[in-house]
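A.B. asks: Pulled these features from TrEMBL for this protein:
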- 1-49: region 'Disordered' (REGION)
- 1-15: compositional bias 'Basic residues' (COMPBIAS)
- 16-29: compositional bias 'Basic and acidic residues' (COMPBIAS)
- 30-41: compositional bias 'Low complexity' (COMPBIAS)
- 71-483: domain 'SAM-dependent MTase RsmB/NOP-type' (DOMAIN)
- CYS189, ALA190, ALA191, PRO192, GLY193, SER194, LYS195, ASP221, ASP286: S-adenosyl-L-methionine binding site (BINDING)
- CYS339: active site, nucleophile (ACT_SITE)
- 416-437: region 'Disordered' (REGION)
- 575-606: region 'Disordered' (REGION)
- 593-606: compositional bias 'Basic and acidic residues' (COMPBIAS)
- 820-864: region 'Disordered' (REGION)
- 833-853: compositional bias 'Basic and acidic residues' (COMPBIAS)
Amino acid sequence: MGGRRGSRTQRKHFKQSRENVWKRPKTESSSDPNNPNSNNPAWQPFATQNPSFDEYYREQGIVSPEEWDAFMEMLRKPLPAAFRINATSQFCEDIRSQLENDFMKSLQAEAIEGGDLEPIKPLPWYPDNLAWQSNFSRMQLRKNQTLERFHEFLKLETEIGNISRQEAVSMVPPLFLDVRPDHFVLDVCAAPGSKTFQLLEIIHHSAKGRFLPDGMVLANDLDVQRCNLLIHQTKRMCTANLIVTNHEGQHFPGCRSHKNISNGSDTTNNLEQSIPQLLFDRVLCDVPCSGDGTLRKAPDIWRKWNGGMGNGLHCLQIHIAMRGLSLLKVGGRMVYSTCSMNPVENEAVVAEILRRCGGSVELVDVSNELPQLIRRPGLTKWKVRDKGVWLPSYKDARKLQRNGIVPSMFPSGKNYADLTNNNQKSENGESVNAEDVVQPDDTISSIDDLEEEVSDLSLQLCMRIVPHDQNTGAFFIAVLQKVSHLPAIPDKSATSQGKLSTRSELHENLSDQAAEEINGLEVSSVDGADEKILEVASKAEENISEMALEAADEKISEETSEVDEKISEVALEADLVDDEPAGGAPESNSSEAADKKTDSAKTGEKRKLQIQGKWKGVDPVLFFQDETIINSIKAFYGIDESFPFTGHLVTRNKDANHVKRIYYVSKSVKDVLDLNFRVGQQLKITSVGLKMFERQSSREGSLAPCSFRISSEGLPVILPYITKQILYASPADFKHLLQYKSIKFADFVDADFGQKAADLILGCCVIVLREGDKLSDHIQADASAIAIGCWKGRSSLSVMVTAMDCQELLERLSARMETEKNGTLEPESLGVLDKKQDLSGENRTPLEDHNVEAMKIQDTNASE
């Protein structure tokens with residue numbers, strides 16, 4: 001895919017004065033025929049029909065002829081809104097109760113009166129009533145006044161991270177992965193991040209009672225801008241068990257440690273105790289696809305759709321899936337999924353995977369899992385269509401010289417060729433196995449036989465979700481299990497054609513001399529030959545010349561240009577973001593290759609570990625080892641010695657004297673980072689860790705004994721280990737802090753609490769909500785406690801939480817206290833003011849008057 005060098009979504013292209021064809025000038029908006037707000041009376045909504053679509057899927061037999069009308073009718077209806085409650089949220093039970101006892105009943109009453117709305121309902125197949133669907137469109141949700149309160153609820157909880165908006169069928173693949181808290185999970189094509197968020201939820205939720213889960217999620221995506229969206233989504237999870245990378249899925253780095261590497265230092269010996277190779281217990285391959293399963297939420301696909309869209313993605317999907325399987329542990333499970341209905345992108349890909357892997361990979365029968373989910377079996381026969389012509393077999397494709405059509409697109413996967421060629425090469429120059437070649441006149445007697453070509457694989461174990469079964473979008477899911485090591489399949493692009501796929505694979509490919517040595521080893525599996533291959537590979541690397549590197553780069557650029565255009569066109573139809581990435585403009589593979597070539601030239605003949613920050617435009621990942629700062633943080637907050645600090649703190653700044661943020665990583669992420677250092681920084685990490693400490697840059701911050709404050713994201717993790725700078729507030733004082741943002745010590749309802757606050761050391765402190773009638777501060781706070789970070793100034797205590805977090809906490813606490821008192825306590829009596837009155841100054845209390853300036857200052861400090 002070449003890093004999408006031709007993508008027009010990159011900001012650097014717009015800076016070069018290229019026309020932004022995706023954004024219409026304001027002067028044209030009034031006459032835009034696709035703008036519903038224009039003055040053009042001829043405007044019509046997107047046409048929800050396409051003759052080619054009808055012909056294609058009728059012929060493929062996606063649904064029976066009797067169901068066709070119902071199928072098409074549902075495709076033309078807007079997609080219902082769906083969302084999922086974050087199972088790890090402190091207020092998960094409260095939100096679920098509010099949905100069941102408040103919104104569900106009130107919307108039901110409105111539906112009976114108005115007759116045009118249906119109530120929200122939990123998805124019956126999702127565990128624990130954590131996923132919900134509303135049977136009205138997003139447009140109704142935004143425009144209907146009856147739903148205004150519900151819509152505001154969704155917006156606030158989504159922003160906080162307590163709720164995730166996600167299409168119902170998109171929630172299905174992670175559920176079939178059977179993720180456990182100790183699993184290493186790879187999400188190969190992760191953006192925009194809804195499934196990644198779901199995977200993190202599962203890991204954390206199933207690990208309740210532990211400090212941090214033993215597992216982790218590595219989320220990867222090719223597109224830099226979509227990686228930014230992924231990071232934004234997953235930051236709401238506040239997890240230390242996530243790494244976000246930016247690589248081509250089909251060429252994801254193997255990160256295999258050379259066991260014989262040693263520099264004589266104790267550091268290397270210690271690192272060798274961690275994982276020797278990055279392998280995963282679970283892999284999710286939700287690959288790029290034509291996306292026609294999303295027609296209900298993206299009706300513009302109707303006019304763009306054509307039968308060849310899936311053909312251009314077929315090979316890429318196979319390569320991504322095969323790479324995912326090669327990174328999967330034996331016994332592990334992989335889910336392959338698409339939001340497409342096209343069998344060329346679905347069953348054909350799965351069939352080719354099974355053929356290539358032999359018996360080392362099997363389809364898993366998951367018919368007993370999620371029994372309330374309505375699903376249909378996979379297809380065992382289909383046809384390929386190219387340029388308006390139906391191709392029942394690969395033989396017909398050869399006759400018509402369809403170079404873009406490959407044998408794996410057809411049910412049998414057979415390569416119909418003339419066996420008189422002793423070398424048995426296909427038209428592409430690739431080697432062909434004799435058993436996969438069918439002579440035209442040997443077993444095929446007529447076109448009728450070709451049309452009935454049926455796969456002999458158990459593809460019915462795959463599942464299809466169609467829209468009219470349960471009012472959703474369309475989806476395809478296949479669950480595969482790796483039962484043994486993959487067979488030694490030679491890389492056709494490298495061995496048969498002498499091509500190198502990416503620069504990162506250059507050091508992994510062997511010279512001709514090394515290849516001959518390995519071929520004489522009689523190795524039965526790729527995984528079993530690791531040590532010998534690595535030994536030979538290390539020798540072969542010394543013989544790779546710069547001329548070979550340059551030639552490989554030129555060849556790559558040539559071969560991927562065509563794929564770039566197709567993938568970019570499909571990706572642009574998805575929900576891409578336009579935000580500028582934090583590390584700079586997205587770089588192409590050519591720029592990455594240039595960087596690598598420079599690094600390679602510097603290393604000379606002997607390979608050395610590459611320095612941190614080698615990836616252009618991406619901040620380096622460094623372990624934070626400044627003992628002075630770490631000890632000052634420990635002493636200031638009285639952090640218990642049992643809290644694991646060593647090796648768990650990272651930063652993204654090379655200059656240790658100007659570090660602004662310190663991130664915390666779990667042990668699993670720490671092990672992966674150790675491995676990444678050891679293999680020369682093969683992973684291009686765009687985000688890692690949970691922001692734990694942040695330097696307070698204000699004037700008062702520089703006067704404090706410890707200039708690093710605890711961030712809101714990291715507070716739940718470290719809270720049980722804090723013994724200093726922590727106070728327990730009564731519900732009244734806690735709510736006043738949330739409402740007024742800053743309160744003088746003498747103005748607290750509990751005078752004793754105010755005095756204790758005044759006695760704290762200048763700097764950051766933690767205020768915990770006191771539960772019930774507990775008056776003692778000598779209680780152990782855990783991660784589930786409700787706590788906020790504050791700043792103890794000279795005369796007041798100021799909240800260091802965003803205004804939106806404060807608003808959400810106020811509403812949750814009010815609702816909880818009302819429930820406890822059987823509805824007798826009104827919100828006003830709890831100190832909750834109307835938000836508009838609070839901002840405008842009307843009805844402001846005397847207590848709030850003298851703290852207005854402090855509120856403004858603190859809102860600015862806490863806005864990040």
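Cβ atoms are placed via backbone N, Cα and C, with glycine included.
Burial and contacts for the listed features, if you can.
C.D. replies: Summed and averaged per residue, pLDDT over the domain 'SAM-dependent MTase RsmB/NOP-type' (71-483) gives 85.
Summarising the environment of CYS339 (active site, nucleophile), the number of other Cβ atoms within 10 Å of its Cβ, over all protein chains shown, is 25.
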A.B. asks: Using the recorded S-adenosyl-L-methionine site (CYS189, ALA190, ALA191, PRO192, GLY193, SER194, LYS195, ASP221, ASP286) as reference, state which further residues of the same chain have their Cβ within 8 Å of the centre of those residues' Cβ atoms, listed in sequence order.
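C.D. replies: Going along the sequence, the neighbours come out as ASP187, THR196, ALA219, ARG226, LEU230.
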A.B. asks: Would you mind checking how many other C-beta atoms are within 10 angstroms of the C-beta on LYS195 (S-adenosyl-L-methionine binding site)?
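C.D. replies: There are 26 such Cβ atoms around LYS195 (S-adenosyl-L-methionine binding site).
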A.B. asks: Considering each pair of residues in CYS189, ALA190, ALA191, PRO192, GLY193, SER194, LYS195, ASP221, ASP286, all listed as binding S-adenosyl-L-methionine, report the largest CA to CA distance in Å, no decimals.
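C.D. replies: Binding-site diameter by Cα atoms for S-adenosyl-L-methionine: 13 Å.
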A.B. asks: Just checking the binding-site residues CYS189, ALA191, GLY193, LYS195, ASP286: which sit within 10 A of CYS339 (active site, nucleophile), CA to CA?
C.D. replies: ASP286
A.B. asks: Is it possible to get the count of other C-beta atoms within 10 angstroms of the C-beta of CYS189 (S-adenosyl-L-methionine binding site)?
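C.D. replies: The answer is 23.
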